[in-house]
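Here's the structure we're looking at; comments come further down.
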Amino acid sequence: MGIKFLEVIKPFCAVLPEIQKPERKIQFREKVLWTAITLFIFLVCCQIPLFGIMSSDSADPFYWMRVILASNRGTLMELGISPIVTSDLIMQLLAGAKIIEVGDSPKDRALFNGAQKLFGMIITIGQAIVYVMTGMYGDPSEMGAGICLVIIIQLFVAGLIVLLLDELLQKGYGLGSGISLLIATNICETIVWKAFSPTTVNTGRGTEFEGAIIALFHLLATRTDKVRALREAFYRQNLPNLMNLIATVFVFAVVIYFQGFRVDLPIKSARYRGQYNTYPIKLFYTSNIPIILQSALVSNLYVISQMLSTRFSGNFIVNLLGTWSDTSTGGPARAYPVGGLCYFLSPPESFGSVLDDPVHAAIYIVFMLGSCAFFSKTWIEVSGSSAKDVAKQLKEQQMVMRGHRETSMVHELNRYIPTAAAFGGLCIGGLSVMADFLGAIGSGTGILLAVTIIYQYFEIFVKEQSEMGSMGGLFF
């Protein structure tokens, strides 16, 4: 059934826009240039408002997910990377459940990637229609069918641009992946803004600056009681404070420390005697994939819950899925879950919230740990990084594990890889929960993504440097 399904969609994949693989090796400085161009296009799209919207001042139902999904409200980047990640999530689950069987041949892999792109485009159209018809930009009946169609087309074209930018980097023209680059950029931008934002907010304590560091100097300069001013700068509520910044730096350090955990399996050449090496299996074997897929799952649940709440408010089943409330305390208007499944799957806002509702905290912990471990273990089976795939790669390179025959390599690798994937996903989920409870800026999930992505780019840079031989060879 799996192969038949991929064959059915093959004609559709053939007409999709595609970035051709480079015919020559792309130099590092060219990769940096293409990566910078990708980043520039994304940042420009984040600033271009959608044409035809009547209002985007209502409570933002997806405020909590925008940092993670590289989304910016009311702009061309309204959908961010959500369609791509959702498509990957669906295809991964279908392949993991053996509903779609993906072979090891390049043809099957290419067809699977084409199916992901096709579903990404379909999901982009679907999400655009949902956003418009649920009144996020104004009452559809007042805007008219023409304006609604124009907004949907804008969102679709922007989503297609994101798909192609991601493919551009994935094909080897740039560094890393487009998804990772856009996520890291958005999260780092948020952290810098929350630290140094000059925007003023009217609170019950008077006018304050949004940025935590700017607020520190402002409070010290304007308050006569310096001790109280310091206390407010460190612990003020509903706005970024210095404890949030300290927690963010602490989580950065912890994640970087865990990045170094790995098991080195000794391997040797089957052709040349005396040629030894090691194959590293990292603790974070699947890197940030589990947290990205978990974010996609939750964000789509939020979309469905918000859509149903708008249309069928008061319905028992809808309320069971999630009930929502609006707030504008300490920032832009936003909607947040106050009941139902969505509430229990959302992170507590602070450590105080954990103490106020320990059941919520416990369910959230179980969900995060379980989902990250599940997605991590499932991902290795569909991404070509399982024990069988690694053994095949080593065999093609004419390498064998020391003390083991070729036939027993899969069995030996199976002792490490699935365990590393599941336990690594568990650790990723645990670190995300810790960051949420400590109040790190950008959410625990966001911080985890930013650190792992930045570390990936550091490893890419080191690898390119070793291949070029020197720092000067990278750019000149």
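Keep in mind that glycine also has a Cβ here, set from the backbone N, Cα and C atoms.
Summarising the annotation, Swiss-Prot assigns topological domain 'Cytoplasmic' to 2-33 (among others) and lists sequence analysis as the type of evidence. Within the chain, the topological domain 'Cytoplasmic' (2-33) has long-range Cβ neighbours (under 8 A, six or more residues past its boundaries) at 95, 98-103, 108, 111-112, 114-115, 117-118, 121, 160, 164, 167-168, 171-175, 464, 468, 474-475.
Taken from Swiss-Prot, the feature transmembrane segment applies to 34-53 (among others), supported by sequence analysis.
Per Swiss-Prot, topological domain 'Lumenal' is recorded for 54-76 (among others).
Residues or ranges marked as transmembrane segment by Swiss-Prot: 77-96 (among others).
Summarising the annotation, Swiss-Prot assigns topological domain 'Cytoplasmic' to 97-117 (among others).
Feature annotation from Swiss-Prot assigns transmembrane segment to 118-138 (among others). Counting same-chain residues at least six beyond the ends of the transmembrane segment (118-138), those with a Cβ under 8 angstroms from any Cβ of the stretch are 9, 12-13, 16, 50, 52-56, 58, 61, 74, 78-79, 82-84, 86-87, 90-91, 148, 151-152, 155-156, 159-160, 163, 303, 306-307, 310-311.
Under the heading topological domain 'Lumenal', Swiss-Prot lists 139-144 (among others), citing sequence analysis as support. Proximity of distant same-chain residues to the topological domain 'Lumenal' (139-144), defined by a Cβ-Cβ separation under 8 Å and at least 6 residues beyond the stretch ends, is recorded for 52, 54, 132-133.
Under the heading transmembrane segment, Swiss-Prot lists 145-165 (among others).
The topological domain 'Cytoplasmic' feature in Swiss-Prot is assigned to 166-172 (among others). Each residue in the topological domain 'Cytoplasmic' (166-172) has a pLDDT score, and their mean in this model is 87.
What Swiss-Prot records for 173-193 (among others) is transmembrane segment, and it gives sequence analysis as the kind of evidence. Non-local neighbours of the transmembrane segment (173-193) in the same chain are 19, 22, 26, 30-32, 34-35, 38-39, 42-43, 66-72, 80-81, 84-85, 162, 165-167, 210-211, 248, 288, 292, 441-442, 446-447, 449-450, 453-454, 456-457, 460; each lies 6+ residues outside the stretch with a CB under 8 Å from one of its CB atoms.
Sequence annotations record features per position, and here Swiss-Prot assigns topological domain 'Lumenal' to 194-240 (among others) based on sequence analysis.
Feature annotation from Swiss-Prot assigns transmembrane segment to 241-261 (among others).
Counted with DSSP, the topological domain 'Cytoplasmic' (262-288) comes out as 0 helix, 15 strand, 12 coil. Per Swiss-Prot, topological domain 'Cytoplasmic' is recorded for 262-288 (among others).
Taken from Swiss-Prot, the feature transmembrane segment applies to 289-309 (among others).
The annotation topological domain 'Lumenal' is assigned in Swiss-Prot to 310-354 (among others). Nonlocal intrachain contacts for the topological domain 'Lumenal' (310-354), taken as residues 6+ away from its ends with a CB within less than 8 angstroms of a stretch CB, comprise 57-61, 63-64, 134-135, 201, 203, 210, 237-239, 298, 301-302, 304, 360-361, 363-364, 367, 433, 436-439, 443-445.
For 355-375 (among others), the entry in Swiss-Prot reads transmembrane segment.
Residues 67-68, 175-176, 180-181, 183-184, 187-188, 190-191, 248, 251-252, 255-256, 259, 284, 287-288, 291-292, 428, 431-432, 435, 440 of the same chain, all 6+ positions outside the transmembrane segment (446-462), place their C-beta atoms under 8 angstroms from a C-beta of that stretch. With pairs at least 6 apart in sequence, the transmembrane segment (77-96) and the transmembrane segment (145-165) have 3 or more Cβ pairs within the 8 Å limit; the two touch. Within the same chain, residues 191, 194-195, 212-213, 215-216, 233-235, 282-284, 427, 431, 434-435, 438-442, 444, 447-448, 450-452, 455 sit at least 6 positions outside the transmembrane segment (241-261) and bring their C-beta atoms closer than 8 Å to a C-beta of that stretch. Using DSSP to sort the residues of the topological domain 'Lumenal' (194-240) gives these counts of helix, strand and coil: 24 helix, 8 strand, 15 coil. Where the transmembrane segment (421-441) meets the stretches 77-96, 289-309, 355-375, the count of C-beta pairs under 8 angstroms peaks at 355-375.
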